[in-house]
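> According to TrEMBL, the protein has these features:
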| type | residues | note |
| --- | --- | --- |
| ACT_SITE | Lys196 | active site, schiff-base intermediate with substrate |
| ACT_SITE | Lys249 | active site, schiff-base intermediate with substrate |
| BINDING | Cys120, Cys122, Cys130 | Zn(2+) binding site |
| BINDING | Arg206, Arg218 | 5-aminolevulinate 1 binding site |
| BINDING | Glu234 | Mg(2+) binding site |
| BINDING | Ser275, Tyr314 | 5-aminolevulinate 2 binding site |
Amino acid sequence: MAFPATRLRRLRSTGVLRGLVRETELSVSHLVYPMFVVASGPKRTPIAEMPGIDHVSIDGAVEEAGIAHALGIPAVLLFGLPASKDEEGSGAWDDEGVIQLATRAIKAAHPDLLVITDLCLCEYTSHGHCGVLRPDGVVDNDQTVELLARTAVSQAEAGADAVAPSDMMDGRVGALRAALDDHGLSETPLIAYSAKYASAFYGPFRVAADSAPQSGDRKGYQMDPANALEAIREAKLDVEEGADILIVKPALPYLDVIRRIKDETGLPVAAYNVSGEYSMLKAAAERGFLDERAAVLEALTGIRRAGADIIITYHAKDVATWLSQ
Ligand code: PBG
């Protein structure tokens, strides 16, 4: 028999053959585009730490959402920068708050675009933590969950197509599901950040969202990067409590977690390709160290291959443009 007996290179020899046997597809229909909406200010202000991403006013958000929609991106994820902050983060559940106003305006202009609202208090609290602080400086879990439930109802009543809690409090998925159901919002899906790690890759976001904790860190509620079994426990609890889609965040350093949660739960999984993952490729591309298009498409294909059905990414508009060329 001729040597070697198996020649895997045969199916790699032309682009057509490679396309025919490709196992993973990256398409615009899987992408979610995050946006930072500011309560007041100019229509667009570039975010220095995230080249290509702007702070947008409500008008700017309608425009930006329209651009994403026209590119075929099915969904946006909204983060709000409120006009003012307080100890409890009351701007989060204000029916006239920045997210509520932006959601109404975007849905009115682009009814077919899905609007997902990020649900957390850190952008709204004066101390920057994701919930209410006890006198000893620890985030009070159960009190925070009540405020998150009010926020979820307010966001869904404003027209959010899905609500995405990113706070990592215990029991919040069940509490949010119950609160939404009690308000006649039983059809609003919960996209739970199940495995959200205490990550250094949120750095640019915290500047962009003005949400860095004023003291301490988030290790008392976000997960230890060393743990995967714990991520599966988190995911299974969220499934029991009624989550519809599970998020793993960040994406690239946690591809194993994406795969394991997908295999263990069978639920739709969304991977959040976070700000630091975005900015490091942008910075490398700006300095000529990497081919941006090739590197981004490879990174996102890898996230899909790991098991993500959905990718939340700041690269969404670029990817939609590249994939349509
Ligand atoms: C809020 C929140 C964070 C991100 C999304 N929601 C930051 C954090 O936990 O500090 C990070 C997203 C990104 O880095 O792109 N809790």
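For all residues, glycine too, the Cβ spot is worked out from N, Cα and C.
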> I'd like the Cβ neighbour count for Lys196 (active site, schiff-base intermediate with substrate), meaning other Cβ atoms within 10 Å of its Cβ, all protein chains included.
27
> If you take the centroid of the Cβ atoms of Cys120, Cys122, Cys130, the listed Zn(2+) site, which other residues of that chain have their Cβ within 8 Å of it?
Gly89, Leu121, Glu123, Thr125, His129, Gly131, Ser166, Asp167, Ser211
> Run through the Cβ atoms and count how many others sit within 10 Å of the one on Tyr314 (5-aminolevulinate 2 binding site).
26
> Count the other Cβ atoms sitting within 10 Å of the Cβ of Arg218 (5-aminolevulinate 1 binding site), across every protein chain shown.
22
> Count the Cβ atoms, other than its own, that fall within 10 Å of the Cβ of Lys249 (active site, schiff-base intermediate with substrate), considering every protein chain shown.
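Around Lys249 (active site, schiff-base intermediate with substrate), other Cβ atoms within 10 Å: 24.
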> I'd like to verify something. Among the recorded positions Lys196, Glu234, Lys249, Tyr314, which ones have a C-beta closer than 6 angstroms to some atom of ligand 1?
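What lies within reach of ligand 1, judged by Cβ under 6 Å, is none of the recorded positions.
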> Sequence gap of 6 or more, C-beta under 8 Å: which same-chain residues meet both conditions with respect to Cys120 (Zn(2+) binding site)?
Ala92, Cys130, Leu148, Pro165, Ser166, Asp167
> Of the recorded positions Lys196, Glu234, Lys249, Ser275, Tyr314, which one has its Cα closest to the Cα of Arg206 (5-aminolevulinate 1 binding site)?
Ser275
